[in-house]
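Colleague: According to Swiss-Prot, the feature active site, thioimide intermediate maps to Cys189, an assignment based on sequence analysis. The feature active site, proton donor is assigned by Swiss-Prot to Asp196. Swiss-Prot lists Ile86, Glu87, Ser88, His228, Glu229 with the feature substrate binding site. The NADPH binding site feature in Swiss-Prot is assigned to Ser88, Lys89, Arg257, Gly258; the stated evidence is sequence analysis.
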Amino acid sequence: MDYKDNSLKTLKLGQKTDYIANYDRTLLQPVPRALNRDGLGITKQQPFSVGADIWTAYEISWLNIKGLPQVAIADVEIDYRSTNLIESKSFKLYLNSFNQTKFSDMSEVQRTISEDLSICAEGNVRVQLHSLSNYSHERIADFAGECLDELDIEISDYGFNAEILQNCTALSTEIVEETLVSHLLKSNCLITSQPDWGSVQIHYQGKRIDHEKLLRYLVSFRQHNEFHEQCVERIYCDIMKYARPEKLTVYARYTRRGGLDINPFRSNFEAIPQNLRLARQ
């Protein structure tokens, strides 16, 4: 399926747009998850049973009743079972529309964002706003696990290729549980081709996955065009197909753009983690 021949034509992403300073929920634009899941064969039933698109919104401001500007940071969780994901530029424009709008308090802003995102996503959305003083305890974290990035390998082909994972467990004779991490994940925006930089954590139980093959596979996303959420679901499906682990979690955290970072989490056995902040976020 060519995504750009369908509903993505109407997205504001990659187009010149006006910045609206007064609240307007219609600025939010959905992207059907089925556009990517159809190609993966997982539209009706996903191989993961837990998941969310975890967003951090750093640029939220509104006016209080007296007209004094207020600021906050938001944690947002959009359930993986929602019909749509939220297009990121539209989310940015939507948040900007709060700038010159009066709200009674932070709770009203939080409730408004939660309701609007739920309608756009057609699914469950959780929103938690934090004052800057309450956010001051947040520290730079790191993904737990063994980092693959120091492997001494040579790469000359950067085209996406899931078949790199073929026979990735052929040398394994026992079931292991391990957590693997790479900070070399890079893909490109589906619409604008702008680079998206991320770190990925893979926690699995099953036959041991060849570390070199896995790193080569992750690097092959380097010139691949897909949204963050779609990349994580593709990684999950490819590992399931070629490694067949009993348990699997794929969690990626991408760098911030437009005051937003997007951090998709998919698992068949672990709960959604508390939002954190990596070094590049």
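Including glycine, each Cβ sits where the backbone N, Cα and C put it.
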Colleague: What whole-number value in Å do you get for the largest C-alpha pair distance within Ile86, Glu87, Ser88, His228, Glu229, the residues recorded as binding substrate?
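Modeller: Of all Cα pairs among the recorded substrate binders, the widest measures 11 Å.
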Colleague: Tell me the coarse DSSP state (helix, strand, coil) of Gly258 (NADPH binding site).
Modeller: coil
Colleague: Could you tell me which three-state DSSP class Cys189 (active site, thioimide intermediate) falls into?
Modeller: coil
Colleague: Work out how many Å separate Gly258 (NADPH binding site) and the residue listed as 'active site, proton donor' at their Cα atoms, rounded off.
Modeller: 12
Colleague: If I take the alpha carbons of Ile86 (substrate binding site) and Cys189 (active site, thioimide intermediate), what is the distance between them in whole Å?
Modeller: 14
Colleague: Quick one: what's DSSP say for Glu87 (substrate binding site), helix, strand or coil?
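Modeller: It is coil.
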Colleague: Just to confirm: which same-chain residues, 6+ apart in sequence, have a Cβ under 8 Å from the Cβ of Asp196 (active site, proton donor)?
Modeller: Lys186, Ser187, Asn188, Cys189, His228, Cys231, Tyr254, Thr255, Arg257
Colleague: Just how spread out is the NADPH site if you go by the largest Cα to Cα distance in Å among Ser88, Lys89, Arg257, Gly258?
Modeller: 9
Colleague: Find, for the listed recorded positions Ile86, Cys189, the residue with the lowest Cβ contact count at a 10 Å cut-off, counting only other Cβ atoms.
Modeller: Cys189
Colleague: Can you tell which of the binding-site residues (Lys89, His228) has the fewest other C-beta atoms within 10 angstroms of its C-beta?
Modeller: Lys89
